[in-house]
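**Student:** Please see the structure below; I have some questions.
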Amino acid sequence: MKIGVLALQGAVAEHMRSIEAAGGEPVAVKRTEQLSELDGLIIPGGESTTIGKLMRKYGFIEAIRDFSGQGKPIFGTCAGLIVLAERIEGQEEAHLELMDMTVARNAFGRQQESFETDLPVKGIDEPIRAVFIRAPLIKEVSSQVDVLSTYKDEIVTARQGHLLASSYHPELTDDFRLHAYFLDMAKEAAAAAKE
Ligand code: GLN
């Protein structure tokens, strides 16, 4: 499976390493034309306003909406989760508006700016290692969205069909199981597209 990592800003190399470790073929995506060769796309953490601005500048908003419209899986981590959301608390404008959820940015406050924890995730046997850095939270989801994990009663992993989002950075650990989970989503989508 060829998995692209949107390489406009943020933790790109770390996702590429994790995809490789999980058995996929990573591709750094800098131009929209590259999307056509991919089985899935990761939108990394970083700064969502910067990533959003660069996505607009280089035509990625329409191109990724089209990619999603073909049923191809997308995984947003941290800032990438914010970019996927339909609504962002306190902001008039969102970015891709693909996942039917409301997110709050920097939702843990100063006290808990960054921390690590073992997080149980639906569909993965044992808890995964999760690194939170100025992380967002998912405040509200529609019935189309499946909640895969919560941390202190707040939603931090969610899936809507072929779209996956995590508040935290799975790529900053040596635990590659969430990337393996995403690879399975890409395999299923590729198989379904062939039918
Ligand atoms: N706080 C960042 C934002 O709002 C996200 C942080 C991250 O991706 N680690 O975009």
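Heads up, the Cβ atoms here are built off N, Cα and C, so glycines get one too.
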**Student:** Out of ARG17, ARG105, ARG159, which does TrEMBL tie to the same L-glutamine site as GLY46, GLU47, SER48, ILE133, ARG134?
**Tutor:** ARG105
**Student:** If you count, for each of the recorded positions GLU47, GLU171, the other Cβ atoms lying within 10 Å of its Cβ, which residue has the minimum?
**Tutor:** GLU47
**Student:** Which residues, same chain and not among GLY46, GLU47, SER48, ARG105, ILE133, ARG134, have a CB within 8 angstroms of the centroid of the CB atoms at the recorded L-glutamine site?
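**Tutor:** What remains near the Cβ centre is GLY45, CYS78, ALA79, ILE82, ASN106, ALA135, PRO136.
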**Student:** Please give me the active-site residues out of CYS78, HIS169, GLU171 that lie within 10 Å of GLU47 (L-glutamine binding site), comparing Cα atoms only.
**Tutor:** CYS78
**Student:** Could you say whether, by DSSP, SER48 (L-glutamine binding site) belongs to a helix, a strand or a coil region?
**Tutor:** helix
**Student:** Cβ neighbours within 10 Å, counted over all protein chains: which one of the recorded positions ARG105, ARG134, HIS169 has the most?
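**Tutor:** In terms of Cβ crowding, the pick is HIS169.
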